[in-house]
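Quick look at what TrEMBL annotates:
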DOMAIN    512-635  domain 'STAS'
TRANSMEM  108-126  transmembrane segment
TRANSMEM  161-183  transmembrane segment
TRANSMEM  195-213  transmembrane segment
TRANSMEM  242-263  transmembrane segment
TRANSMEM  270-292  transmembrane segment
TRANSMEM  364-386  transmembrane segment
TRANSMEM  398-420  transmembrane segment
TRANSMEM  427-450  transmembrane segment
TRANSMEM  456-488  transmembrane segment
C-alpha cells in the first residue's frame, strides 16, 4: 500500500489523544494475598450482609445463614403449609417405591432405601437452601456404590460386611461433600462438565436398565459385571431361566408406568399421574402377588421387611482393615456424583422459581445429611431430578415438603412394612427403568453436536466408556479427555492477527472481520490467554512464525516490517517465565530492527513487567499504549518523519 494511502487512512488517528499506561496503585503483598484469597474462596462475599449491623442483628443473620430453616420458618403460615403438605405427600408416594428399588440397585436390603428417605430429608430441610429439592436415594449413586463395592465383597455372600462398607462409604462421601462446602472448594466439581454429565448419565441409564433384566425376566443366575456385553451374554446364556409369568407382569407394569410418564410430560398439570403411578403399581402388584401366591409361579418377591424407624449404625462404620481404601474411593466418587447432581437440580429449579441457591451451603447440607445418614443406617442420598420436578409441579413453597415426605416415610416404616412382603421384584425393576429413562437426553446431545464437536466427543467417550467398560472408568476417561483439552487451551493459547476496520480506529481479528485491513509496516497480534511457563515456548515460536511470514510478504511488496504490536487486553495474568518471554522478544526484535510495542497490559501484568525492567530497557513509555489505535497513530507519525527503507533495515539488522 502506498504511504500516502496509509496517511489518508489514519489521518484521523493522528489527532487522537495518546493516553499513558500506568501501573495500579501500590499494594502490600499481604493485601494482595488477602484479595486473591477472597476472590478465590469468597466470590459471593457472604460477609457483606453483616457490615454495619449491631451484634444482635449479626447473630440473627448468622443463625439464618447457617440454618436456612430459620429464614423461611419465621414467615411460615397455614397457606404455605397446605401447599407443602400436598407436595410432600405426592413426592412420598414416589419416594417409597423408588427408595426400595434403588436400595436393591445398590445391592443393599430394600429397607435401607426407606431409611434413606426418612432421616436425610429432615437434615436437608434444616440446612438446605432450595425449596424444590426432594432428597433421597438416586439411581446413579446407587449404581456406582453397588458396583464399586461388589468388586471386592459379595453382597449375597457377605451381606453384613457389604452393608458396613456401604455405610462407611456414605460417611466418607458426606465428609468430602461437607469439606468442599466448608473450605469453599466447590470449583472442584466443575471438572464434571455438562458434556461429561450428559454422556455419563445416559450410559448409566443404559447400564441400570440392563441390570433390571434380571428382575424383568426372572433370571436367578445373573452376571456380577456391569458392561453391555457381559450382561447381554448372561441374559441369553440363561434363557432357560426366563419366567413367562414374570415377563408378562413386567411388561404390563412397565407399559403402565411409561404411559403415566408420557401423560405427565405432555400435560404438566397432570404431574400426579406419574408421581402416583409407581406406588399404585406396587400396591396392585402386591395384592395380585398375594392373591395368586406369586412365589409358586416363579415370580420372586421382596420378602419380609423389618418394621420400625432407622436403627443406629455408627458402630457399623469400618475405618480400618483391608477395605479402607475401597470405601474411601467409593465415597469420593459417589460423593462427587451425588453432589454434582444435587446442586445442578437445585440450581435448575431455583432459576425457574427466580430465587437463589447457595452452592456452598448446598454442599454442606448434602454433606452433613450423608454423615448423619451413615450413623442412622442410610446410604448416599442427594436431590433427585424426578422427585424434585414432581415437588416443583405439586406447588412446594418451602423445604417443609421434605419434612412431610419424611414423616410419611416414618409412618410407613412403623406401620406399613408387612404390606410390602409380597411386592414382586419385577415391579421394582420396572419402576427403576421408568425412572432412569429420562436420563437419556437426546436433544441435549444434538445441541452439543451443533455447538462443539470436541464436547460431543467427550460426551460420547463418557457414554461408551460407561456402557462398554465400567461406570467409574468411563467417567475417568471422559474427565481425563476434558482435562487434556483444558491443558491444550493453556499450553496452546490463541493468537490472532489484527487489522483496522476502515473509517475507524478499531482493530479486530482479520479472519473474523473480512473488511479489516492490514497496516503496512505493522504486525499487530492479540494474545488471548494468560502467559505462563506452560505456554511461553509456544508463544515465542508462534510469534516468530508470524514475523517470518510477514517478512516474506513484505519482500514481495518491497516494504519492511517496522513495528510488532502485541495487544495484551486478554492477558489477565503473567508469571516470571512469561516476563522472560518479553525480554527475549525485545532482544530478538532489536536484532531485526523491529520495534516491540505493548498495548493495554492489565494491572498485574504491567506491575510485574515494571518490576522486572530495572534498567527501563523494554518497558519504556514510548512502547506502551492504551489502545491499538493510539499505538498505530503515534508510531505512524514517527515513521513518516523518520522513513526507513528495507535496505537500511536489513543493513541495521546485519
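Placed from the backbone N, Cα and C atoms, the Cβ positions cover glycine too.
No curator has checked TrEMBL annotations; they are predicted automatically.
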Rank 161-183, 270-292, 456-488 by Cβ pairs under 8 Å to the transmembrane segment (398-420) and hand me the top one.
270-292
Which residues of the same chain, at least 6 past either end of the transmembrane segment (270-292), have a Cβ under 8 Å from a Cβ in it?
90-91, 93-94, 96-98, 249, 253, 256-257, 260-261, 263-264, 299, 301, 389-390, 393-394, 419-420, 422-424, 426-428, 430-431, 434
Count, for each of 108-126, 364-386, 456-488, the Cβ pairs lying under 8 Å from the transmembrane segment (161-183), and report the range with the highest count.
364-386
Mean predicted confidence [pLDDT] for the domain 'STAS' (512-635):
89
Which residues of the chain, 6 or more past the ends of the transmembrane segment (195-213), have a CB below 8 A from one of its CBs?
105, 139-140, 143-144, 219, 222, 226-228, 231-232, 235, 340, 344, 429-430, 432-433, 436-437, 439-441, 444-445, 448, 452, 455-456, 458-467, 471, 474-475, 478-479, 482
Which residue counts does DSSP give the domain 'STAS' (512-635) for helix, strand and coil?
60 helix, 21 strand, 43 coil
